[in-house]
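J.: Quick one: structure below, then a few questions.
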Amino acid sequence: MYDIKKWRHIFKLDSAKHISDDDLDAICMSQTDAIMIGGTDDVTEDNVIHLMSRVRRYPLPLVLEISNIESVMPGFDFYFVPTVLNSTDVAFHNGTLLEALKTYGHSIDFEEVIFEGYVVCNADSKVAKHTKANTDLTTEDLEAYAQMVNHMYRLPVMYIEYSGIYGDVSKVQAVSEHLTETQLFYGGGISSEQQATEMAAIADTIIVGDIIYKDIKKALKTVKIKESSK
């Protein structure tokens, strides 16, 4: 079993987006710690299994971040289950999880399931609109969510998600200072080695996604953060 606590860098692939064989090879051979397959819309069983079969040729951990029950399938090393803490819709807190457990609970290996305390911060993002997230958050709000995740819910991961834009470094820093046990994931807008380095100095793990589809060379440079330690 892989130890996610050791992961500093994850490439996140969108199952609904095209990626060439050459670019996928470069991503999977880049020394990233893991590949995560996710997405917000058009996530289907067919496109997830197609992308999974392409990535499975490479010897690195493969994660499915669950966005709907229909696309869940065996074959992944981990299943990351988001609970969107700032969503106004209970379905994104535990409703989807409830349905998944009713359907698959008898066959789940819970050692493979990682619960993520998500906080969505970009009001204009697809994920914010889809999850009906309240993104008007102060630093104090984020600190309270961090305490909730770390001390009360005791979740293994807190994911600060800016999805499409580069986040407020001071707010991410404030969250980090309140997490003593929970692993901090940061994702959103990382499009350069400099940004990757800046966020990797604060978060335990950075998630790099959109830039893969815009500029593969810039995406690959973000892996250089592994050459330094937090």
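Using the three backbone atoms N, Cα and C, a Cβ is placed for every residue, glycine included.
What you are looking at is a predicted structure, and each value in this text was computed from that prediction instead of being measured.
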J.: Among Lys6, Lys12, Lys17, indicate the single residue that Swiss-Prot lists for the sn-glycerol 1-phosphate site containing Tyr159, Ile160, Glu161, Tyr162, Ser163, Gly164, Gly189, Gly209, Asp210.
T.: Lys12
J.: Only counting partners 6 or more residues apart, tell me which same-chain residues put their Cβ under 8 Å from the Cβ of Lys12 (sn-glycerol 1-phosphate binding site).
T.: Ile35, Met36, Ile37, Gly38, Glu65, Gly187, Ile207, Val208, Gly209
J.: Cβ within 8 Å of the sn-glycerol 1-phosphate site centroid (Lys12, Tyr159, Ile160, Glu161, Tyr162, Ser163, Gly164, Gly189, Gly209, Asp210 excluded): which residues?
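T.: So the additional residues around the site are Asn122, Ser125, Gly167, Tyr186, Gly187, Gly188, Ile190, Ile207.
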J.: Looking only at C-alpha atoms, tell me how far Ile160 (sn-glycerol 1-phosphate binding site) is from Asp14 (Mg(2+) binding site), rounded to the nearest Å.
T.: 18
